[in-house]
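Features of the protein shown, as given by TrEMBL:
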TRANSMEM  45-65  transmembrane segment
TRANSMEM  77-104  transmembrane segment
TRANSMEM  110-133  transmembrane segment
TRANSMEM  140-164  transmembrane segment
TRANSMEM  184-209  transmembrane segment
TRANSMEM  230-260  transmembrane segment
TRANSMEM  272-291  transmembrane segment
TRANSMEM  303-320  transmembrane segment
Amino acid sequence: MVLVLWLLNISLGSISIPIGALLERIAGVPFPRESWEIIVVDYRIPKSITAILAGIALSVSGLQMQTFFRNPLAGPFVLGISSGAGLGVALLAMAGTAFGWQLFAGTTSYWSVILASSAGAIGVLVLMGLAAWKVKDSMTLLIVGLMFGSAASAIVTLLSFFSAAEELKMFTLWSMGNLGNTGWSELGLLSGAILIGVTMVIFSVKSYNAMLLGEAYAKSMGINFQKLRWIMIVSTGILTGGITAFCGPIAFIGIAVPHLARLLFKTNDHRVLFPATAILGILVLLACDTLSQLPGYASSLPINAVTTAFGAPLIIWLIMKRNFSEAF
């Protein structure tokens, strides 16, 4: 299924390339048109790999957030890390006009956006680390994360109010999410970050299973709760911050996909849920990206428009179907 969606994702777009030609190219037969080689190798394959990495990162981090906080509406962005990344990009794009800072003038290149986003995400991650050191209650930590996110969003709103139209447009386009900006040179760095974050989650699977029965039970089973909290914050920061830096914020995948995995596999065992969620995250984001490409049209929809169209009805349906507490 992943392979089929991957081939469709590469095949469809403003210029459609026959799947048969793709299969022949994989077998070593050159494309009949040189332009197809450039389109597939330089643009569509890196974009599809980025979609795969983003699907894994956001869905896995969303699952661990929902389990740790025992909150079905928790997602990878509730710690405020994505909002911090957005603040970094907003400062880069709009602070020049808002505050008259010449330091930021004309610096909105792709790598400068990545660095600004990463700096903002790391800043919030450090603040959350300090909060985790001081705050012992998980629900309070969740509220602190939401407040950090709200504060960052408030600053972004002020910057937007005072910014020039062109700067505001640049930030708005970034906030819509884009899987197509990542090339081969950036994929290595992004893949490394996702690998580190996912590895941290894998080694904590048993601890998350113990968390299903509550914090007190997990502690009675010998789980180092403080260590698990740090792993959760750091791994979520790496996974969410990495994707946001390279792709912008991508909505609803982290919230909706874990619920979809629970519905399909009818289990709360994280030894099953984590790989299932990762695979479903790949499938969903590849499907959303394929739909966003509008085959036959020169432009494509923002990826956030498609993921929200998928995620919002699913969450509403879950609310209507059953009490969320039954999911745990």
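The backbone N, Cα and C atoms fix where each Cβ goes, glycine too.
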Same-chain residues near the transmembrane segment (272-291), Cβ under 8 Å, at least 6 residues beyond its ends: 1-2, 5-6, 8-9, 12, 47-48, 51-52, 54-60, 62-63, 179, 198, 201-202, 205, 250, 253, 256-258, 260-262, 264-265, 301, 303, 306-307, 310
Whether the transmembrane segment (230-260) meets the transmembrane segment (140-164): three or more C-beta pairs under 8 angstroms: no
Candidate ranges 45-65, 110-133, 303-320 - greatest C-beta contact count to the transmembrane segment (140-164) (under 8 angstroms): 110-133
